[in-house]
Amino acid sequence: MSEKHVYRFGKDENGNNVTEVAGATVDEAKWITGGKGANLAEMANIGLPVPPGFSITCQTCVAYSSAGNVWPDGVLDEIDVYRKDLEKRMGKKLGDKDDPLLVSVRSGAPFSMPGMMDTVLNLGLNDDSVQGLIKKTGNPRFGYDSYRRFVQMFSDVVMGVDGQLFEDAINAKKAERGVKLDTELNADDLKDLVATFKQIFSDNVDPEKYPEVVVDGKPVFPHDPYLQLRLAEQAVFGSWNTPRAILYRKQNKIPDDLGTAVNVQCMVFGNMGDTSATGVAFTRNPADGTNERYGDFLVNAQGEDVVAGIRNTEPISDLPKTPGLEEAGKELYHVFEILEDHYADMMDLEFTIQEGKLWMLQTRVGKRTALSALKVAIQMYEEGRISRETAVMRVAPEQLDQLLHPQFDPKAKYEVLAKGLNASPGAATGAVVFSSADAEAFKEAGKPSILVRWETTPDDLKGMVAAEGILTSHGGKTSHAAVIARGMGAPCVCGVEALHIDAPNKECKVAGTDVVLHEGDIISIDGTTGDVILGEVPLVRPQLGGDLETILDWADEVRKDPARGRVIGVRANADNPADAQLSADNGAEGIGLDRTEHMFLGERKQLIQNFILAESDDVKQESLKKLGEAQKGDFLGMFKAMDGKTVIVRLLDPPLHEFLDNPRDLEVEITKEECAGKDCTEKRALLAKLDSFQEANPMLGLRGCRLGIVYPELNVMQVRAIAGAAAELKKEGFDPKPEIMIPLVAFESEIELVRAGVEKTLKEVEEETGVKLEIPIGTMIELPRAAITADEIGKHADFFSFGTNDLTQTCLGFSRDDVESAFMPLYLEKKIVKRNPFATVDPGVAKLVQMGVEGGHKANPDIVCGVCGETGGDPESIQVYYDLGLDYVSCSPYRVPIARLAAAQAKINSNGGPAKVA
Ligand code: PEP
Ligand code: MG
């Protein structure tokens, strides 16, 4: 059976609806005739007034583009049949000199891409048919205005002539006539402009690119309406692949292989006098969700005038009160109701009123802010239109970020100075500082700052806490700066390569501009978009109300109900009592990862340094004792905040040099001092020691469980602190539930050895305190070997936590710190990778996770499996993890609400979709 390429919509000459639908539902049809085409057909089928027309399918676009802009066999004939059919249905012909048919030619992809692709209006006009239009309307000004608009739009959109040339010609005409407004030009002026525009066409169209329009060696504006139509259809197909459309798809994660439909539809005119109008509207307020009709209209205008903002529009509520438009206005208000009843959602729509008669040109599910999404979902449930599950599906998890962090005032105008990776959401504004110490000093002086660094290190933590936001010129979304900032809920833009930072001299050049930032200069950053702005941008914190809580409660209700499918938990990554409390407040059901190394910073850094560097055993033991006491204090706070809930504490993971000073700084200091004649023997010894801890590839060296094997006393100290805190709290009547996690295991023998040590220490603490502890012991799976041999490793683990940060870098060979800013943008652009694998789990890594889960269960049917890498907070990855059978995901405390919603949606998606109505 040959494929159908064209579908018609609207009525025939007898007033019968002859719509052909491309699928059983609008959602099915939109993949074939695009969102606009599918919804035009749907509106026609529910009896709304839709100007007749036809849609050429998205698949035709794909075939046309992939053949190098060549029409598939037979399609032009098929279109011709539908064109003739449309002429018959309308009783008019394109190009007719008495009563011409005019059509619009519009794009319409499966997903809305507003303004990204092409539209041509008034097609079919030529020197003959303009006379027909004038005859029919008795309005020469209208006729020539429509004609000049068409020549202008066709030349610009279809033939690529610079649009400014036409604007210049209009301005020249207005100057010649001594008038200010386009509307003051009369029919003769507009007729002159048509001639001028045609000349511009001839002078600027490339004859080699468009041989179809060449007459006697020169491009001539095509008189033939069928040629006009074919060129316009080709232009719409071509506009699928313009750089801006490609960019828009990339930003909005729309696949490139969908194509756009072309909708050819009879023109209706909103510019035929005072009983005509055009407008756009939403059935509810898309900004704040208020249940009110929302939108604007313009009397005596065409659609583009509303969008262009040339004239002031009227509020939609005035439409039924406007003389001459009362009936159409009332009908539109009725259409609002019909659309909401039919689609059970907030819709946006475009309409035109031609001489008092209402026509619907488009409808689609309305885009809305997070605030509006929450409110409308709750309203629709309360009105009995949708089920609670559908309400939960109506809010995009990523959108919640808008509500959880401060953002730039949407009314603010600003210019972007540089762009980087949107590493941690929210916006901040403050003075540039180049060191952690300066950030602290600014904080003390009451001045907000932005910490600008090449990349941050654990040393910068205090400054990161003191600053309002963090900006780095290096590193990706799982770089130190990004991970820590997300954990803290601080805005962060990282990997801004344009920044050339000279920290010692406290200045930073911005490549591609002549801006040089100095300490104290005010900048603003937007961690949601990756924008860096010179100067202050005002911030706003959106007001929440209880709507977020309501939707999250509904999400939890679905997520935790075993009757509706497998349950997936949501935990948080937190490493201090305040973050543990915040996690609990945000609804986390436990801590999935406490990175204990974060407890060794600030004043405790000296203690760990003493342990690492001291020659004397006494000093080492003393440092360990103090570290243990400090950690125990933290655990007491965390276990209390999470009383009765799991807290997974990971034994020390990073390479030890991360706690040490940079040997290069010491080397500079020594050189200076030796030049000044000082004796630096001791410092040289220290330098040698510092150097001995350096590693060429620190991520693959002495870290993870290997640390506790080389330095078993570190594990003893940590396990004692964990078990000691738990025993103490149990005695006080609390219900602490710590679990101990061994990081970066590759071999079964590693976990066996480390587990034995941990169990020995636990036993000792139980005997010393007389408290039975029963602390589960598990491991991170973050090396491919661990995932592959999970059936061996699982024999010794009560739980597995998949560390997708390390698993991604070791599986893909992408260094966490270098790859994202170095070549990830290029890899994404060239489609070598579809998504940033550090943000959304890579399919290869997902396979390793699957192997890990299966192997783990083979060895230990009761094993609990979760994810604690950054992808644990990513909605798309959460869907993958739900389907792989994981028991929980763990993410930064600030992402917990997002993960709760995403986990509920994953469950609904994988269990047959939402229930229809409550
Ligand atoms: C991981 O590797 O995914 C993980 C959570 O550990 P970290 O980021 O601390 O290496
Ligand atoms: Mg790791």
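The backbone N, Cα and C atoms fix where each Cβ goes, and this holds for glycine too.
Here's what TrEMBL has on this protein:
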type	residues	note
DOMAIN	33-70	domain 'Pyruvate phosphate dikinase AMP/ATP-binding'
DOMAIN	85-313	domain 'Pyruvate phosphate dikinase AMP/ATP-binding'
DOMAIN	329-383	domain 'Pyruvate phosphate dikinase AMP/ATP-binding'
DOMAIN	447-530	domain 'PEP-utilising enzyme mobile'
DOMAIN	564-907	domain 'PEP-utilising enzyme C-terminal'
Below 8 angstroms Cβ to Cβ, which residues of this chain, lying six or more residues outside the domain 'Pyruvate phosphate dikinase AMP/ATP-binding' (33-70), approach it? 3-12, 17, 19-23, 26, 79, 82-83, 85-86, 89-90, 103, 106-112, 233-234, 237-238, 240-241, 257-268, 335, 338-339, 342, 357-364
Feature contact check the domain 'PEP-utilising enzyme C-terminal' (564-907) with the domain 'PEP-utilising enzyme mobile' (447-530), CB under 8 Å, 3 or more pairs: yes
Can you work out the mean pLDDT of the predicted model over the domain 'Pyruvate phosphate dikinase AMP/ATP-binding' (85-313)? 91
What counts of helix, strand and coil residues does DSSP assign across the domain 'Pyruvate phosphate dikinase AMP/ATP-binding' (329-383)? 28 helix, 17 strand, 10 coil
